[in-house]
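Student: Positions annotated as transmembrane segment by TrEMBL: 16-38, 50-68, 80-102, 108-126, 147-171, 183-203, 224-245, 251-271, 278-297, 309-329. The domain 'CAAX prenyl protease 2/Lysostaphin resistance protein A-like' annotation in TrEMBL covers 189-290.
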Amino acid sequence: MKGFMNMRLDKIKKEVTMFLMITFVITFLMGVVMFFALKTNIGIKADTFGLLQMLYPALAAIMVRIRYEKDNIPKELMRFFKIYIGIFGLFMGVFAFGVFVFPTKVSSILGGLTVVASLTTFIMICSGDPDAYEKVNMVFTKNFNKVTLLGLLFIGLKIIVVISGVIIYGGLGETISELVPKIILNIVSIPFGIAISYITFFGEELGWREYLQIRLQILFGKKSGVIILGFIWGIWHLPLCFRLYSPETPILCVIGHVFYCILLGIFLGYAYMKTENLWSVIIIHLINNILAANAGNGGDTQVILPLDLMVGLAASAIVFLPFIFTKVYRGKVHENKMGNSISINE
């Protein structure tokens, strides 16, 4: 029995290694392309690379899953996986061709393709066989009340983070008057955001939460696995920090992403284990990015000040860190239903 378990753990280690190699090789190769493309000032927008990068983790997860679990993948889910690979290939083809032919239009074209891909596959999932999509916890209506409540809870927690920073710097009344309309607009826009752009957030969450999280938790434990995942997720943003998010303060950007991804990852891990529904973290991730864009006044780049970074991380730690002490982080995760559901031994 012990020998069998060791063999299973060795297999999981190989899967994790392959997943990380595929994800990071593509990420850093495209990082080199991004560096030269932006340096030569050919007119391509930096956010194009951010959109493409969000697709890499799911591609890696699908490739590794096909490599190791092909016989256990339902036919309809396999078709969805192949469509996703096709979407990724289309996006990369448009990018490669567009860099030379229509560099200033690449971002807009990919944005339009994102809407089409999201709507098409969203309808496909919702009208498909629930048993097939349950394999990757993507039945939209599963534990939907919990999904909704956790989405609203996340909005509340993010408001606390913003208000905490405002209290320190002053100007609370003015900020609240600006914040309330944005919050209302964000809540109203969430359903539309899911329908027209979920494919990019799926691109991250199928890789990080659905595929990698449970495997790291099996190897290192529930808490340590999520923390390690957060570190990996944060480092993965490195090329974007240097060329998109904060070219003037890239080191602080990387540090901020590592710690914020660890903290946010704790809440996302909580949400995913609580709901056993990948849509929960797709939606929360989408909300997070919408609120982050609003906080940055719609700009792509920013100069990060050390004090701002420390205040933001401290506020995030206060609201997200306590979730690692909740019940779902106790016990062990078993790999007997890996990739389908989470079995807890308490």
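Going from the start of the chain as shown, residues are counted 1 onward.
Every residue, even glycine, has its Cβ placed from backbone N, Cα and C.
Structural setting of the listed features?
Tutor: Within the same chain, residues 44, 46, 49, 52-53, 56-57, 59-61, 63-64, 67, 99, 207, 211-212, 215-216, 219, 232, 236, 238-239, 242-244 sit at least 6 positions outside the transmembrane segment (16-38) and bring their C-beta atoms closer than 8 Å to a C-beta of that stretch.
Listed as Cβ neighbours of the transmembrane segment (50-68) (distance under 8 Å, sequence separation of 6 or more from its ends, same chain) are residues 11, 15, 18-20, 22-23, 26-27, 30, 78, 81, 84-85, 87-88, 91-92, 95, 107, 110-111, 114, 199-208, 210-212, 236, 239-240, 244, 339.
Same-chain residues lying 6+ beyond the ends of the transmembrane segment (80-102) with a Cβ under 8 Å from its Cβ atoms: 37, 42, 44, 48, 52, 55, 58-59, 62, 65-66, 73, 109-110, 113, 117, 121, 124-125, 128, 132-133, 199.
Sequence-remote contacts of a segment are chain residues at least 6 beyond its ends whose Cβ falls under 8 Å from one of its Cβ atoms, and for the transmembrane segment (183-203) they are 51, 54-59, 84, 87, 114-115, 117-119, 121-122, 151, 155, 159, 278, 282-283, 285-287, 289-291, 294.
Tertiary neighbourhood of the transmembrane segment (251-271): same-chain residues 150, 154, 157, 208-209, 213, 222, 226-227, 229-231, 233-235, 237-238, 241-242, 245, 280-281, 284-285, 288, 304, 306, 309, 312-313, 316-317, 320-321, 323-324, 326, 328-329, selected by CB-CB distance under 8 Å and a gap of 6+ residues from either end.
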Student: Near the transmembrane segment (224-245), which same-chain residues lie under 8 Å Cβ to Cβ, leaving out any that are not at least 6 residues past its ends?
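Tutor: Residues 20, 23-24, 27-28, 30-31, 34-35, 38, 46-47, 49-50, 53, 57, 208, 212-213, 215-218, 253-254, 257-266, 269, 300-302, 324, 329, 333 contact the transmembrane segment (224-245) from elsewhere in the chain.
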